[in-house]
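Engineer: Just lifted these from TrEMBL, have a look:
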type: DOMAIN; residues: 120-193; note: domain 'Reverse transcriptase zinc-binding'
type: DOMAIN; residues: 301-377; note: domain 'RNase H type-1'
Amino acid sequence: MVGRDLLNKQLVWAIGNGLAVNIWNNPWLSSITQKLPFGPAVKETKDLTVSHLFVPNTTIWNREKIEHILPAHVSEILSIKPSQMGAPDKLVWLGKDTGKYTTRTCYFIAVERGKTEEEQQSTTSFNWISDVWRMNVSPKLKLFLWKSANKILPVGERLTDRHIPVNPQRKRCGEVETIPHMFFQCFFAEQVWRSAPFVGSLETGSWSEYEQTWGRIKDKTCLPPSGITKGPLSPWILWSIWVSRNRLIFEDKRSKPEDTITSAISMAREWLDAQQVTSPQKQSNTHQKHNTTVGVITCQTDAAWNVDTKSAGLSWLFLSQGTMALEQSITSSLVGSPIMAKALALREAIYDSLEKGYKKMRFESDSSQLINVVNSAFRS
């Protein structure tokens, strides 16, 4: 029941032919949040679907009918771009930019919704994507950061809360072991952070909230002698502190703060150096693959969007063996967002290539989000 309710609260309708979506009962007015028209519906319109707002036998909006039935939502509705090919309406999952449901994103949303109001207030500035999953660190370290932020590392306080018979005090300092204390407040952790080669010194003893503290330190700039210029050091420091803690508990080996920070720098440099070695090879392979596509016409698409007028300029360029063959451009009104403008440009380019009879096509866009959505649709 909980899973079903959570799923229902994160689904919206993308309009295709409008036949499956009731205009009053289904969320369809927005692609970023659940939004329904203001009600209540009168008897004559309560069973209407979105298709009744189209010009008959088309998927073109009938402005006069919209102004009569839903006068408060005219601009919102006209900004929605239905399928021109009559594709069916489709449910879209708000938890992922591709619109596809995954158990992973559902789990993250459930965790967020399960937090207390106090925890939510303390983590308003915490962004899971930028603060964890997109960091230039190893996958293992990302999982470690996620566990730290969710307060599920097996520290003394956490274990005793789960009625596991352990001493909640730290072996190093005798204080109750919490995640903020272990990483920032313990005298050992303070010395480690002071030794870090950051621009400006860090005094972490008074930092009691992990999420707020992480926002301060995750992107701290390192001094040049460290050799860390293209990635973060802070995640590796947290990991090194955690490793030294485990060695003390399970092997009775005490690490010095200097050794701990040296280990963090070494691991960070090893990871970053490995990424720099593999990246050029990957780019070279992609370039070679692109050059071997003989007889394929490349179409580059782009769009410019005006936030004030909600209008967009759409353009696309056909290239044959690197030589420009044809350039086209049009304008479009009532476009809701930059990504929508780029999607419309891609759609117009596809229609244009079909009209011209092109058989082998390669479409390009500078929007990785759009490309991911399109490619995921083909893979499904």
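The backbone N, Cα and C atoms fix where each Cβ goes, and this holds for glycine too.
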Engineer: Suppose you look only at the domain 'RNase H type-1' (301-377); what would the mean pLDDT be?
Structural biologist: 87
Engineer: Could you tell me how many residues in the domain 'RNase H type-1' (301-377) are helical, how many are strand and how many are coil under DSSP?
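Structural biologist: The counts are 28 helix, 31 strand, 18 coil.
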